[in-house]
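As given in TrEMBL:
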type: ACT_SITE; residues: H442; note: active site
type: COMPBIAS; residues: 24-58; note: compositional bias 'Polar residues'
type: COMPBIAS; residues: 64-75; note: compositional bias 'Basic and acidic residues'
type: REGION; residues: 1-76; note: region 'Disordered'
type: TRANSMEM; residues: 106-123; note: transmembrane segment
type: TRANSMEM; residues: 149-168; note: transmembrane segment
type: TRANSMEM; residues: 180-204; note: transmembrane segment
type: TRANSMEM; residues: 210-227; note: transmembrane segment
type: TRANSMEM; residues: 309-328; note: transmembrane segment
type: TRANSMEM; residues: 350-369; note: transmembrane segment
type: TRANSMEM; residues: 428-447; note: transmembrane segment
type: TRANSMEM; residues: 453-475; note: transmembrane segment
type: TRANSMEM; residues: 482-500; note: transmembrane segment
Amino acid sequence: MYQISEMVDRNDRVPMMTGRTRRSTIGPTPAGGNSKQANGSKQSSAGEKTPSHPSHSNGKVKKEKQVHEPVRTPQERSTICERLSCHVLQESLLSSASGYSNYRGILNWCVVMLVLSNARLFLENLLKYGILVDPIQVVSLFLKDPYSWPAPCLVIVSNVFIMAALYTERKLSVGTISEMTGTFLYLVNLTTLLCFPSATVLTLTSMTPAGGVFALGVYTILFMKLYSYKDVNMWCREIRHTKARTLTRSHSCPSVAQSNGSAVHSHVSYPGNLTHRDIYYFVFAPTLCYELNFPRSPRIRKSFLLRRLFEMLFFIQLLIGLVQQWIVPTIQNSMKPFQDMDFSRMMERMLKLAVPNHLIWLIFFYWFFHSSMNFVAELMQFGDREFYRDWWNSETVTYFWSNWNIPVHKWCLRHFYKPIMRRGVNKWVAQTAVFLVSAFFHEYLVSVPLKMFRLWAFMGMMSQIPLAWFVGRFLRGNHGNAAVWISLIIGQPVAVLMYVHDYYVIHYMSQS
Ligand SMILES: CC(C)(COP(=O)(O)OP(=O)(O)OC[C@H]1O[C@@H](n2cnc3c(N)ncnc32)[C@H](O)[C@@H]1OP(=O)(O)O)[C@@H](O)C(=O)NCCC(=O)NCCS
């Protein structure tokens, strides 16, 4: 103790390192310092401050000190003590016991490595195939014959179904037709809405697969929207019947002109919502769930709108370019191994396709769910911008499906899952039923435009149920998250290759 105290005194003219908070293991004595023992237990210190030495009370020494040395605060003394020690009982950062979790730099490294390795792939692709990007070629994907625009014409015809829904609702609201008749009319309307475009796509030879996907996509969205429109208006009638007096226009529903889509965003109640303006606002709004009074944003932010527009234009060009330059040649090169059923080469091709396919899917996600939906929402002053949640952190497959496409998920919950659960259906049966409906629509959107029925999309969607069970049962945390990513990265190219292979065999092999 004495020696240490002396050393402290000798060293006190060295400039002090302020702001150092490192814990010292060496105190003045084992009992008096803030020391940590080998077993990890901390010994409580009677004096965290440097204890005063007996010699300090000696009058002579005291006098000398008063003459030659400045008086040091306890803080100064402990800082000086710290210089004597440089080791602490601690784990290495990469040991799990260290509790260290800040891997921001590693994440940056991953991004840098990803960019570098893809730059090499990009260069290799350019050297091998030259520049394949051709924006004009895209037009021919939609329009084989410049005088025939079947897909846009089909979309325009969809107005008939919108009008049919509105007029059915108006008749129901005044009681001209019964609920039973209304349900029947909706059944006819919605069934025709799905069957008519698919029959058109299947029979029209001028309809290209891309045009077919576009037209059927619009009709599927319309189907879900009109189904929601039917349900909500029916709920309104139920409420009107049960609470006739108290609810009717209690929130000032002065006129039809103040429904969704009007310049003045005042409250509307049933049946004031049954207007052309209201239904068309809903048809174009970025949601599948109808509501009488959507939350509205106060104004259109021009800079936000322009940024989203720029992103939309940029990312769509990037998507088209990547498909032409990267996906098309990879798929073309995959045909031979698939014909020969060469499994190792098939696997190699599939993994090769996985990278561009996944990149394109991620860009598509941003383009559609962030840029495009926000653009439309901003333009229409539609307030609810929750189009996706943090699906990238999914540790279970069900979390992914409940968070990556919020408009569809919300519709499934509101118009299918919860209604059948309320009827006493078991949770697993209800989830299976939702995935069954979803699988049907996935297959509808792929098989009809390609004019071949292979059920790959259907099976892909249905396989989510056992996958969800497996991941939920056996994997947790990061392992679960990795499993979700792997299923996304590998699952999609498998389905893509299956369809492309079958399409190629039907259309090109038969010709040759
Ligand atoms: C099937 C699916 C709807 C299940 O969703 P989930 O969030 O895991 O379902 P949960 O069991 O956790 O319940 C969700 C809701 O139902 C409610 N619920 C549960 N049991 C209920 C019952 N018996 N009665 C009424 N509501 C009930 C819950 O309270 C919860 O409500 P909240 O959202 O308001 O909190 C979802 O996985 C899904 O949307 N799948 C299909 C997705 C899809 O195909 N997307 C296509 C994208 S291309």
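Glycine is treated like the rest: Cβ placed from N, Cα and C.
The transmembrane segment (482-500) is in contact with the transmembrane segment (350-369), judged by 3+ CB-CB distances under 8 Å for residue pairs 6 or more apart in sequence. Of all Cβ atoms in the protein chains displayed, 20 besides its own lie within 10 Å of the Cβ of H442 (active site).
The list of residues near the transmembrane segment (210-227) in space but at least 6 beyond its ends in sequence, with Cβ under 8 angstroms from a Cβ of it, reads 141-143, 150-151, 154-155, 158, 161-162, 165, 186, 189-190, 193-194, 197-198, 200-201, 282-283, 288, 290, 408, 411, 415, 441, 444-446, 448-450.
The stretch from 309-328, 428-447, 453-475 with the most CB pairs below 8 A to the transmembrane segment (350-369) is 309-328. When Cβ-Cβ distances under 8 Å to the transmembrane segment (428-447) are tallied for each of 106-123, 149-168, 180-204, 309-328, 453-475, the top count falls to 453-475. Among residues of the same chain six or more beyond the transmembrane segment (309-328), those with a C-beta under 8 A of the stretch's C-beta atoms are 125-126, 129, 131-135, 137-138, 353, 356-357, 359-360, 363-364, 366-367, 370-372, 375.
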